[in-house]
Every structure is written in C-alpha cells, then in structure tokens.
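One structure below.
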C-alpha cells in the first residue's frame with residue numbers, strides 16, 4: 001500500500017479544514033491503494049451474486065417451492081428497491097452519523113446481505129433440525145428460503161447506490177473516473193471467482209463432509225469473502241461527519257461564502273459538493289438546519305417532495321435514466337435465461353424430463369456449460385474495464401456507451417440466430433462489454449453533470465434562499481440505480497409471458513438483442529455528453 005495512505009486518512013480533513021474552510025476545493029488525490037480498497041465492496045457483492053445465480057434455483061427446488069410463488073420471489077425484491085431506493089438516497093444525504101453519511105447505510109445493507117444468504121443457504125438445515133412435522137417443515141422451509149432470497153436480492157441491489165455516492169463524496173473528478181473503473185474491474189473478478197467456485201464439485205471433498213452439505217460450503221466461502229471485502233471497503237477512505245462540519249463553521253461564517261443553493265424549492269439541480277478532504281459549506285448549512293427545530297419540518301417534507309423532485313429532474317438526467325433502463329432490461333433478459341438457453345436450445349435438453357433421463361442429464365450439462373459462459377463474461381468484463389480508461393481518450397464516453405450496447409446487441413443476435421456451443425461461449429465474452437459499460441459510463445456521466453453544475457455555480461454569484469431544499473449525490477445515484485430494479489420488474493413480469501407465447505427461450509435472446517440495438521440509437525441521439 002502507498003505510504004501516504006495512512007497520512008491521507010488521518011490528517012487531510014483537519015489540515016484542509018483549517019487552511020481553506022469556506023472555499024470550493026477539490027478533495028485530495030486518492031492513492032491507487034485506497035481506490036482498490038474502496039472497490040473491494042463490488043468484488044464481495046458480485047461474488048455473492050454469482051453464488052446466488054448458481055445455487056438459488058437448486059435451493060428453491062429442493063425446498064419444494066410451488067411454481068406459483070416463483071414470480072413473487074423475483075418481483076418482490078426489485079419492487080421494494082424501486083420504491084425505497086430514492087428515499088434512502090435522500091435520507092443518506094442528511095445522515096449525521098459520526099461515521100459519515102454513506103458508511104452506516106453500507107454496513108447495514110452488508111449485514112442484511114449476510115442474513116439473507118444465511119437464511120436461503122442454511123434455512124433448510126436449521127428447520128430440519130428444529131421441526132419434525134413434515135407439513136410444518138415444508139411451510140417453514142419455503143417461508144425462510146423465500147425471505148432469505150428476497151432479503152439478499154434487496155440488499156445487494158440497494159447497496160450499489162450508497163457505494164457510488166460514497167465514492168463521489170470523497171474523491172476528485174479524476175479519482176471518480178479511476179474509482180469507477182476499479183469498481184467495474186473488481187466486479188468482474190468477483191463474479192468470475194464466484195462462478196468458478198460454484199462450478200466445483202464439492203461432493204467428494206473433505207470440506208463438504210465437515211460442513212454438512214454443498215450449500216453450507218458455499219455459505220462459508222460467501223460469508224468469508226463478503227465480511228473481508230466490506231471491512232476493507234469501510235476502512236478505505238474516511239468521511240467527514242456532517243455534524244462535525246456544522247460545529248466547525250458558524251452560520252455567519254458560511255454566509256461569507258454561500259453554498260450551492262436553488263432559487264426554487266424543488267429544483268433538481270442543487271448538487272452538494274463532495275465533503276471529505278475539505279469543508280463543504282453546503283454541508284455546514286445543512287448541519288445547522290438539522291439542529292434548528294424550524295427546519296425539522298422541512299427535512300420531513302423532503303420525503304413528500306422526493307417524487308416531485310425526481311419527476312422534475314432536468315431532461316439530460318431523465319434521458320440518462322431511460323438509457324440505463326434500456327441497457328439493464330436488455331442485459332438482464334439475456335443473463336437470467338442464459339443457462340436455460342444453453343440447456344434447452346444449444347444442448348437440446350429438457351428440464352421437465354425424468355431426472356434420470358438422457359434429456360434431463362443433457363439439460364444439466366448445458367446449464368453447467370452456461371455457467372462457464374457467465375464466467376467468461378465476468379473475466380472479459382474485468383479486462384474491458386481495464387482498457388476502458390485508455391479507450392475513453394480516443395472515443396470518449398459517447399463512443400464507449402455506444403460500443404457497449406452495440407457489441408452486446410450483435411453478440412446476442414448471433415447467438416439467437418446461430419445457436420452453437422463454441423460460438424455461444426465465444427460470443428458470451430461480449431456480454432462483459434455491456435456489464436462493464438453499465439457499471440461505469442452512466443455514473444461517469446452523472447459525475448460530469450455534477451462537475452458542470454458546480455462550475456456554473458462558481459461562475460455565478462449564488463443568491464437566493466439558503467434554506468432551500470438541497471439535493472445530494474445520494475439521490476442522483478439512487479435514481480440511476482432504481483432503473484436496475486425497474487428493469488428487473490419488467491423482465492420478471494414480461495419475459496415469462498413472452499416465452500410462453502413463443503414456446504421457446506430463443507425469443508428472450510432475440511428480444512435482448514433488439515432492446516440493446518434500440519439502446520444504441522438512444523445513447524447516440526438523446527443522451528447528453530459534457531465536452
């Protein structure tokens with residue numbers, strides 16, 4: 001680790017707070033080591049996601065979950081996330097914890113992920129030890145497993161917003177770009193390792209005999225990786241607590257250098273400055289408002305006005321959210337059905353045949369090969385993320401965004417038209433270009449929008465009501481991340497109907513390709529790029 005890491009964490013806030021307490025100063029440059037530590041959260045999250053992708057269906061089948069409840073399992077989590085994500089993002093902008101604004105939320109969601117994994121991977125074993133009655137056992141098995149899956153999905157989807165907001169708060173513009181590339185890089189590594197671990201046959205290994213079953217083995221590794229990664233992440237870059245800044249700066253002093261404010265109570269674009277490594281005047285005023293009882297009502301009203309603020313967002317924010325929705329809808333459509341596509345279409349297996357039949361065993365072989373395809377996707381995603389930082393100087397964010405959608409659209413189209421084992425595995429690498437793009441480019445654009453607005457505020461003489469409603473980066477990241485949950489809802493509600501109508505999962509791959517190519521046109525024509 002770089003030698004300046006320790007000094008950076010302990011002295012930066014104090015020295016800058018004393019030297020330039022009221023000016024708009026970029027946070028200090030973060031070392032590569034600190035940004036890698038920050039990215040470990042994405043590694044741990046994606047590792048656990050890969051384990052869930054490999055094991056959640058066998059777990060649900062093993063406890064006897066009725067088919068009528070499958071849609072509830074897959075739709076409940078994204079619906080909750082879609083409704084609560086912007087509210088939590090707004091709340092985190094006002095969090096006054098001594099530990100910072102984002103890290104308390106990240107820690108809570110990490111613990112919920114751990115609890116969810118414990119329930120869906122170990123619930124059956126625990127219930128079997130506690131309940132003997134078969135009927136009661138079945139009900140409790142299904143209930144506990146469903147709760148575990150929904151809880152894990154909810155927390156894992158939700159946690160991306162606070163992690164991105166945490167990065168935006170504590171890093172300069174250049175470090176935000178570097179940090180997002182590291183996030184995508186370690187997301188790919190985590191997914192690849194998770195898929196490889198899930199593909200190992202643990203049946204004859206001593207660890208499986210020691211822990212009891214393959215599900216317990218996977219929980220052991222998942223919990224170990226998740227806890228280790230998030231401890232590193234939470235210790236990566238310190239946050240300046242909101243109430244500490246409020247103590248250091250009086251309201252009279254803050255008036256000498258007014259914060260970013262809006263002349264309209266519900267204006268979307270009043271973006272706060274990042275706070276770690278320098279004193280944020282807006283955060284100081286926010287802290288003073290929170291201390292003043294007269295502003296408690298206004299803070300409560302933030303929840304009521306949140307939807308209005310999202311509806312009134314500037315057109316370029318809205319277009320970015322729509323493009324993100326199109327991209328994730330295309331990506332999830334393909335990824336959720338990819339192993340099934342391999343088993344049914346490429347290998348010509350049948351999941352509904354008897355379990356000892358050739359058709360069923362052929363289907364299982366196709367699913368296993370499909371998992372290796374997902375592993376190839378994850379590895380290529382990491383490699384593509386690494387080369388993105390070199391490509392962006394030549395083709396820009398617009399070129400990267402367009403290329404990610406185009407490669408995915410062409411790859412899925414060829415897979416649907418010409419299903420073959422080797423070509424499908426080779427083209428699955430192109431899925432990694434899409435996942436890397438979705439994890440980096442939209443958030444880079446959000447950072448560009450923030451930077452542009454902050455420059456405009458510096459060039460103007462800010463006037464207006466200092467008590468106006470303030471929006472933070474947490475809401476902006478949450479609005480973008482909400483599109484992932486909305487895409488899950490659309491995919492979960494619509495693709496099953498589409499497959500039943502066409503009586504083939506090929507339609508899923510073709511639909512994903514079509515959606516991605518539509519996204520190409522959208523990102524080229526409607527998304528705004530900052531020069």
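Placement of Cβ uses the backbone N, Cα and C atoms for every residue, glycine included.
Look at TrEMBL and you will find 68-84 (among others) tagged as transmembrane segment.
What TrEMBL records for 105-132 (among others) is transmembrane segment. Sequence-distant neighbours of the transmembrane segment (105-132) (same chain, 6+ residues past either end, Cβ-Cβ under 8 Å): 41, 45, 48, 51-52, 55-56, 59, 62-63, 88, 92, 95, 140-141, 144-145, 147-156, 158-159, 162-163, 166, 212-213, 215-216, 218-219, 222-223, 226-227, 230, 233-234.
The transmembrane segment annotation in TrEMBL covers 138-159 (among others).
What TrEMBL lists as transmembrane segment is 180-203 (among others).
Among the features that TrEMBL reports, transmembrane segment is placed at 215-237 (among others). Sequence-remote contacts of a segment are chain residues at least 6 beyond its ends whose Cβ falls under 8 Å from one of its Cβ atoms, and for the transmembrane segment (215-237) they are 9, 30, 34-35, 37-41, 43-45, 47-48, 51, 55, 59, 103, 106-107, 110, 113-114, 117-118, 121-122, 124-125, 163, 166, 170-171, 190, 197-198, 202, 207-208, 276.
Here the transmembrane segment (325-347) has long-range neighbours at 362-367, 369-371, 373-374, 404-405, 408-409, 412, 415, 419-421, 424, 428, 431, 434-435, 437-438, 483-484, 486-488, 490-491, 495, 499, 504-506, 508-509, 511-513, 515-516, 518-519, 522, meaning same-chain residues at least 6 beyond its ends whose C-beta is under 8 angstroms from one of its own. What TrEMBL records for 325-347 (among others) is transmembrane segment.
For 367-387 (among others), the entry in TrEMBL reads transmembrane segment.
Sequence-distant contacts of the transmembrane segment (399-419) (same chain, at least 6 residues past either end, Cβ-Cβ under 8 Å): 323, 327, 330-331, 334, 341, 345-346, 388, 391-392, 427-431, 433-434, 436-438, 440-442, 506, 509-510, 512-514, 516-517, 519-520, 523-524, 527. Residues or ranges marked as transmembrane segment in TrEMBL: 399-419 (among others).
Residues or ranges marked as transmembrane segment in TrEMBL: 425-447 (among others).
Residues or ranges marked as transmembrane segment in TrEMBL: 477-499 (among others).
Marked as transmembrane segment by TrEMBL: 505-527 (among others).
In terms of C-beta pairs under 8 Å, the stretch of 68-84, 425-447, 505-527 lying closest in packing to the transmembrane segment (367-387) is 425-447.
By the Cβ criterion (distance under 8 Å, sequence gap of 6 or more), the transmembrane segment (138-159) is not counted as touching the transmembrane segment (425-447), fewer than 3 such pairs being found. If you look at the transmembrane segment (505-527), the same-chain residues 6 or more away from its ends with a CB under 8 A from one of its CBs are 316, 319-320, 322-323, 326-327, 329-331, 333-334, 337, 340-341, 344-345, 398, 401-402, 405-406, 408-413, 415-416, 419, 434, 445, 495, 498-499. Here the transmembrane segment (425-447) has Cβ contacts under 8 Å with residues 42, 164, 168, 173, 176-177, 180-181, 183-184, 187-188, 320, 323-324, 327-328, 330-331, 334-335, 338, 369, 372-374, 376-385, 388, 397, 400-401, 403-405, 407-408, 410-412, 414-415, 476-477, 480, 516, 527-530 of the same chain, all six or more residues outside its ends.
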